[in-house]
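Student: Take this structure first; my questions come after.
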Amino acid sequence: MEKSMSMAPLLLMVLCLPFALGWHDYNQALSKSILFFEAQRSGYLPHNQRVTWRANSGLNDGKASGVDLVGGYYDAGDNVKFGLPMAFTITMMSWSIIEYGKPMAANGELGHAMEAVKWGTDYLIKAHPEPYVLYGEVGDGNTDHYCWQRPEDMTTDRHAYRIDPSNPGSDLAGETAAAMAAASIVFRRSNPAYSSELLHHAYQLFDFADKYKGKYDSSITVAQKYYRSVSGYNDELLWAAAWLYQASNNQYYLNYLGKNGDSMGGTGWAMTEFGWDVKYAGVQTLVAKFLMQGKAGMHAPVFERYHQKAEHFMCSLIGKGTRNVQKTPGGLMFRQRWNNMQFVTSASFLATVYSDYLASSKGTLRCAAGNVAPTQLLSFAKSQVDYLLGDNPRGTSYMVGYGNNFPRQVHHRGSSIVSIKVDSKFIACRQGYAAWYTRKASDPNVLTGAVVGGPDAYDNFADERNNYEQTEPATYNNAPLLGILARLGSGHSGYNQLLPEAVPVPKPVAAKPKAEPKAKSTPNPGTCFV
């Protein structure tokens with residue numbers, strides 16, 4: 001990770017270790033990362049769909065429940081729409097745009113990024129048909145995992161599951177409120193009416209989450225095996241309050257953070273992870289920003305405690321805290337065997353924005369091992385992204401389609417089965433396992449931009465479709481990465497991330513489908529050209 005000779009050996013070294021020099025095309029990686037979300041779309045695909053091997057799917061979602069739930073995103077390699085990770089994905093995509101929309105615009109990707117957010121928020125609006133009703137899942141993991149089918153061929157149960165006052169879900173409603181609030185900031189200048197609509201939903205959802213308290217997986221029990229809310233709902237309530245304050249400037253939400261910070265764990269939990277379930281480190285980072293902006297007022301003592309916990313998280317990432325994050329021999333953060341990369345991208349995003357908050361406030365990070373310059377946090381985030389893109393012992397890019405040596409057998413139904421546009425013959429539930437899942441060949445459709453689960457604790461990785469712990473991608477792996485890649489691709493510094501958010505108006509996205517960006521032709525790491 002952290003991470004005089006003759007010309008001939010030098011040339012040989014350069015040709016053998018192209019990634020060892022640490023140079024990556026972050027702008028190209030950003031373009032590909034956004035493209036992945038188009039492959040995950042459910043519903044009627046738009047005229048400017050660029051991932052052309054996909055077609056319409058899930059067109060009757062919600063119909064049996066008398067509600068239109070067509071649209072949204074499939075979370076990973078399956079065909080279920082899970083509300084909690086989908087909402088977190090939208091929040092993190094929005095946060096990426098809020099912080100780094102300007103470099104995205106300079107790269108020509110802001111329009112695509114905002115379309116990716118809107119594809120999610122359009123669905124979340126549908127999923128919230130009444131103030132105290134929110135649909136949190138369509139389909140269920142058990143029947144879905146029994147089948148290996150293209151989304152276009154789905155024959156699995158598409159039951160819709162909801163929360164309401166009798167069956168509450170504060171974590172789900174809270175995260176969805178956060179997503180709506182964050183997205184309202186994204187569209188404030190380019191689409192003010194839509195921005196207001198999102199903020200209206202966010203207000204209602206926060207009220208629902210706070211008034212009828214309960215864990216969503218106690219109400220939507222089919223989610224327990226897949227997206228169990230281990231952390232409970234207090235973190236989501238604080239997270240939603242932070243985003244609502246940022247979106248509305250309404251003092252009520254700032255007071256909520258101040259009054260409930262201690263009792264709800266915001267100032268108590270010293271975290272070493274951040275993701276779709278556990279939001280405390282994200283809350284602490286946002287509240288630290290409010291403190292640096294001079295907005296804490298009478299809550300300054302409580303906000304300082306949030307701030308201390310945010311610093312604990314940052315120090316643990318760079319190995320200078322009292323309890324540090326585990327890393328692989330090659331330097332990658334390691335949290336768990338199954339889809340470890342989700343924690344890498346989420347934590348790296350927090351490190352990136354916190355580095356910029358500190359630099360903007362002329363501050364330093366206070367760690368047990370001494371003070372740390374903001375640039376060290378950004379260097380850490382860069383090291384993690386560089387590892388993901390190929391600077392690792394295997395020389396493997398864990399982003400599909402980036403570089404030459406990337407996963408070819410991704411655990412993903414759509415990419416692993418021939419496109420319905422190439423062969424329209426129906427593929428039955430179990431037939432997909434027999435004909436496609438067990439194939440040893442590369443996927444017929446390249447899932448461009450997908451970030452897979454990644455290597456184990458020893459940097460080992462097996463590119464096999466049935467190795468779902470390592471080869472399955474997820475939307476929430478990619479969402480935080482958008483911001484980091486935009487930041488690293490811009491290379492700029494000296495700007496103030498503590499000023500009010502001003503997402504630029506994007507240039508219109510081309511109506512005609514553009515070809516998917518080609519994988520960059522670079523020498524395969526580990527291959528020598530002599």
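Yeah, the Cβs are placed from backbone N, Cα and C, and that goes for glycine too.
No curator has checked TrEMBL annotations; they are predicted automatically.
The active site feature in TrEMBL is assigned to His411, Asp463, Glu472. Look at TrEMBL and you will find 521-530 tagged as compositional bias 'Polar residues'. Positions annotated as domain 'Glycoside hydrolase family 9' by TrEMBL: 26-485. Residues or ranges marked as region 'Disordered' in TrEMBL: 510-530. Annotation comment: TrEMBL describes 1-22 as signal peptide.
How about a rundown of where these features are and what they're close to?
Tutor: Counting only same-chain residues at least 6 apart in sequence, those with a Cβ under 8 Å from the Cβ of Asp463 (active site) are Thr396, Pro407, Arg408, Gln409, Thr471.
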Student: Are there residues of the same chain, six or more positions away from Glu472 (active site), whose CB falls under 8 angstroms from its CB, and which are they?
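Tutor: The answer is Ala76, Gly77, Asn339, Val410, His411, His412, Val452, Gly453.
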Student: For the domain 'Glycoside hydrolase family 9' (26-485), provide the mean pLDDT of the predicted model.
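Tutor: Computed over the domain 'Glycoside hydrolase family 9' (26-485), the mean pLDDT is 97 on the 0 to 100 scale.
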